[in-house]
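Read the structure below first, then the notes.
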Amino acid sequence: MSYEPRGDHDKGYGGGGGHDGLPPRNRGRRPVTDYGASVVHYMRHRQPRYRGSYAGEVERPSPSYIVDMLPPYARVTNPADSVPSRHLHSSLNKIKHPINVVRWTPEGRRLLTASSSGEFTLWNGTGFNFETIMQAHDSAIRALVYSHSDDWLVSADHDGIIKYWQPNFNNVESIRGHTDPIRDLAFSPNDTKFVTASDDQTLKVFDFAGGSTDMTLTGHGWDAKSCDWHPSRGLIVSGSKDHLVKLWDPRTGRCLTTLHGHKNTITKTLFERVQGNCLATSARDQTARVFDLRMMRDIALLRGHEKDISTLTWHPVHSNLLSTGGSDGSLFHYLLDEPNTAPDGSVMPIPAVYDTADPSSAPAQPIYPAHKIPYAHDFAIWSLDWHPLGHILASGSNDRITRFWSRARPGEAPESFNDRYHIGEAAAEAQGTWDRRGGRHMRQVEEEQELEDEMDGLVDQKMPIKGQPGVGGGGMMPGLSFPSIPGLPLQQVPSSGPGGSGFIPPPPIIPGVGGATGVPPPLPFPIPGMPGLPAGVVPPPLPGLDLKNPPDFSALAEMMKKAGYQPPPPPGSAGAPMPPPGILPPGLIPPPGAAGFPMPPPGFAPPPLIPGAGGPPGGATHPDGGNDQYDSSGRRRAPLPSQEESLRMEQSKGNYTRVR
């Protein structure tokens, strides 16, 4: 664990000077997990397995032993060293929604979360800061899984829609899977098929390439809440609201066996990934069970929860470490090879099933948690997922917060065990490990940090409108954005876009307004409808109109409003009828070349276009019909940009220049 300074020296606020005359703001330090040193230390001192695994220096409760920390792969036989007992960071969106699914990307660099609003959110896996957000579904996302080849991502929502995604979040395909909400899905070992569980009481096996249904598994009497495909065998497991756990043969669609171990709705079924010999299930009866697939019976009964268990997950390295999340926000960790008797000692330890004379008839061994985090979240934990390296656990909850957990560093155990997540806010405040005012302040600081991360988030990959031939200003017609007065030339300046130079019209000069004191220059052409005036002569002002004291239009509008008069709707709007073809609305000047109106000389801006009428002849339009809406609200909804370009930008600022 290292720390990243929160000062932003480049922008002038945070660590350096002030910004716009304001004093610098100190953001403190953001915790960052740097596991590179631990992995390098393990790689340098590791030994082949046949000679015995490297145990390394024993970690002692002192900060000086932090350098001896090793990744979980270095100590496969010591799962207690990988128990995530320390809170790292809490990540929350600006617009908060319940987090239904959390999934680490296959390489472990980012965490992907899916919310009830149908949005994907990417969090950095090292600094836990916000990276990007996108609208993935129209309804709540209920399931999310990566393929075993790491080439595809499949998501399912509350409307029964299944979507295919590439790793860069390019939506390739969208199919209708079920008519009811889809609760879970899983890939086959070779990624050619995947299975879904739905509230319509069925499971469906889909062909991934064709997107068609190969098989429908029926047999549950109520909603199917969970499913999983064995990582190396042709075996599917499902859990339902009818309290049953069923095992299926995906080749024939036949139900192999039914496990009657729970007394309430099954919430999660998951195969163990390391050896593949066990199956874990959780239910709303406050228990979780571990089944041995070789004996087709339960071998362990996980107790300790005071409320329903909503989810569980296996450790990716240690096959005997299981974590569960409760509906009350508690997070428990179980070591399956240690019984960990009841805290009050009321239950005597029972030997394991494998140690009895008759394993087929022996009762399941009760196991109590090796570590408890009773106040991990304020509400139910919906999803848990381990980092591929096995050192960080991510949790998503109904309290709209995504939290990261890791093992305590040497010397941090007493402090981490007495925080508000372990003993509660009141007890932590009494012990001095948490301050209520400071907690609110930290929550505000975290929200401000997320806002800053959003400002530095990934930009939209949609290209801006390029300049059209003969049209400057990035593709915008002159005279549309900035009104111009005939007779006033436009200033030609180089354009910042790739389209080259263009005209940027200055604001109009009105006599008597601002710093304009002169009269407009003479017009180079006669005004239609005034044959008595020679060319170049400006007509006199209307009687009672003082050019030095122009009328206040806001005051006139207020007077009309008080008198009960409504201003006429603008021509071409929804409330005003369009005139017949060939007749202009009242108050509009005919376009150049119509009704005897002369064309403007070269270099002059054309007049504004008529509402509801087409553009000028030969005018170019945008390829997508002008429906280009750039989202500048602070949220960047786009796929990830190139990492090489980001690296070059950082190197140009002087960062990441040293070779590690």
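Heads up, residue numbers simply count up from 1 along the chain you see.
The backbone N, Cα and C atoms fix where each Cβ goes, and this holds for glycine too.
As the structure is a computational prediction, the values presented were derived from the model and not from experiment.
Annotated region 'Disordered' per Swiss-Prot: 1-32 (among others), in sequence order.
Residues or ranges marked as compositional bias 'Basic and acidic residues' by Swiss-Prot: 1-12.
Sequence annotations record features per position, and here Swiss-Prot assigns repeat 'WD 1' to 94-133.
According to Swiss-Prot, the repeat 'WD 2' annotation covers 136-176. Through the fold, the repeat 'WD 2' (136-176) approaches residues 100-101, 103, 105-107, 112, 114-120, 182-187, 189-191, 194, 196, 198, 206, 208, 211, 231, 639-640 of its own chain, all at least 6 residues removed from its boundaries and within a Cβ separation under 8 Å.
Looking just at the repeat 'WD 3' (177-216), the mean pLDDT is 96. Annotated repeat 'WD 3' per Swiss-Prot: 177-216, in sequence order.
Per Swiss-Prot, the feature repeat 'WD 4' maps to 219-258. Assigned with DSSP, the residues of the repeat 'WD 4' (219-258) fall into helix, strand and coil as follows: 0 helix, 21 strand, 19 coil.
The repeat 'WD 5' feature in Swiss-Prot is assigned to 261-301. Listed by sequence, the residues of this chain that lie at least six past the ends of the repeat 'WD 5' (261-301) yet keep a Cβ under 8 A from its Cβ atoms are 225-233, 235, 237-241, 243-245, 307-314, 316-319, 322, 324, 327, 336, 352-354, 359-360, 364-367.
The feature repeat 'WD 6' is assigned by Swiss-Prot to 304-344. Cβ atoms under 8 Å from those of the repeat 'WD 6' (304-344) belong to residues 72-73, 76, 79-80, 82-85, 264, 267-268, 270, 272-275, 278, 280, 282-288, 290, 350, 352, 365-390, 393, 395, 397, 399, 405 of the same chain, restricted to positions at least 6 beyond its ends.
Swiss-Prot lists 376-415 with the feature repeat 'WD 7'.
Per Swiss-Prot, region 'Disordered' is recorded for 562-660 (among others).
The annotation compositional bias 'Pro residues' is assigned in Swiss-Prot to 566-610.
Counted with DSSP, the repeat 'WD 3' (177-216) comes out as 0 helix, 23 strand, 17 coil. Taking H, G and I as helix, E and B as strand and the rest as coil, DSSP gives the repeat 'WD 7' (376-415) the counts 3 helix, 17 strand, 20 coil.
Taking H, G and I as helix, E and B as strand and the rest as coil, DSSP gives the repeat 'WD 5' (261-301) the counts 0 helix, 22 strand, 19 coil.
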